[in-house]
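Only one structure is covered here, and it is reproduced in the block below.
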Amino acid sequence: MFTMVNGFRNYSEQAIQAARYIGQGFMVTLDHMNRLPMTIQYPYEKLIPSERFRGRIHFEFDKCIACEVCVRVCPINLPVVDWELKKDVKKKQLKSYSIDFGVCIFCGNCVEYCPTNCLSMTEEYELSIYDRHDLNYDQIALGRLPISVIEDSTIKTISNLSYLSKGSIEGHSNSRNVTNF
């Protein structure tokens, strides 16, 4: 009879402990119900990239002096710089410039070390495409500035996320459609 009482006591303790664990899990669930949703309806709502976001590279053809520093500092020697030497002025003249974004690792070395600042990083991150060969941008495609997410009136921007700094939010305060959850 003593073993039966001991077994019942152990069973009761285990049942109480299981109820505590279920209660703890339920409290976590209730805690998460009070939080704001983190889901972003992507095509219609977009995040504002941070100030130091490294997106697609923008190239200014007129500023480039064809020094090829960008090619030397690139870990994968990606930028293709085609130039010819003008013998009358003894200077290089840029003929073409291209970057394949299907291979680019967006490290930003080319932008950082460019002596004439003809390269810059944009906030464009939508580079998805069906054919990878279309990601090879020449100087004309690199020269196009992307439509800013903030200036596009058809898209709501999400700016009250915790990882954004106050400066980046205040810098974009003139946007028309800001979703506050």
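Cβ atoms are placed via backbone N, Cα and C, with glycine included.
When Swiss-Prot records CYS104, CYS107, CYS110 as binding [4Fe-4S] cluster 2, the matching candidate from CYS74, CYS118 it lists for that site is CYS74.
When the binding-site residues CYS64, CYS67, CYS70, CYS114 are compared by Cα distance to CYS104 ([4Fe-4S] cluster 2 binding site), the shortest distance belongs to CYS70. Mapped onto DSSP helix, strand and coil, the domain '4Fe-4S ferredoxin-type 1' (55-84) counts 5 helix, 8 strand, 17 coil. Long-range contacts of the domain '4Fe-4S ferredoxin-type 1' (55-84) within its own chain (CB-CB distance under 8 A, at least 6 residues past either end) are made by residues 49, 91-101, 103-107, 109-125, 127, 137, 139, 142-143, 145-146. Residue pair CYS74 ([4Fe-4S] cluster 2 binding site) / CYS64 ([4Fe-4S] cluster 1 binding site) shows a Cα separation of 16 Å.
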